[in-house]
């Protein structure tokens, strides 16, 4: 079995490194394509011994399981490019947030009647074999195809099959989850530094606390609240800290973060499906939108091309 990645960014690197570290694939059985060969992830893949190419078609030709590891809005253009090269042996795995099985199948069915498509959502901890992955199989994918993907992804962490309509929510929870954890760790380390700990020690202690807590939960059948209560002694430091978190809306912030990620996932698919614009045009549209929405807009004045004119928007006529 050979595995191909269209896209050689963080996800492709994390999966390739995870697969090779787990021993389920050797590097020479992996190929990745990217139009840009100077990316840090491309350099890292090259050092691992992964085959690299600028040609997406070449990646399809030399793979059996094909991961679409690019941004959602690029998927339609990739499928138009490689559709004629996808054969009956290929299992096409879309890892792009919000991209539905039906949208991939519709594109590929212009080239062949029964493309085998699987939608997958994973996360970057696959790089250390601690990923969280769910997948849903398409109309023409066989049971064996799903089992093959599950075998691959289980080698780099937890993997299970779900109904496709759950995957957007999974994206908001575990797909984006590592970023929430890293932000929390950064804040915890800042707290430790504020109270006198060296930065390196503060980071290590915070990371180990989260790692240990996660392992305790996964190894037990107890509810997180019960494990939390076990840490709190009456009138102690921990319950006072938790009261402070509650008063700051800690739970609501996390719930809202999961919801925001899920909603954005659906927006990304809508942008690709409805606007039908090229990746370059989409990038320009987003940049223009950022400029319009930014509270500070910088432009070059016609009379002074070398000078920067900054217009600050004041709220209610007041200045900060």
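Keep in mind that glycine also has a Cβ here, set from the backbone N, Cα and C atoms.
Annotated range for region 'Disordered' in Swiss-Prot, selecting from 269-294, 295-320: 295-320.
Cα to Cα, residue 8 (NADP(+) binding site) and residue 70 (NADPH binding site) are separated by 8 Å.
When the Cα of residue 97 (NADP(+) binding site) is compared against those of the binding-site residues 11, 36, 70, 164, 237, the shortest separation belongs to 70. The Cα atom of residue 34 (NADP(+) binding site) lies nearest to that of 70, taking the recorded positions 2, 11, 70, 164, 238 as the candidates.
Here residue 10 (NADP(+) binding site) is compared against the binding-site residues 36, 70, 164, 237, 238, and the shortest C-alpha distance is to 70.
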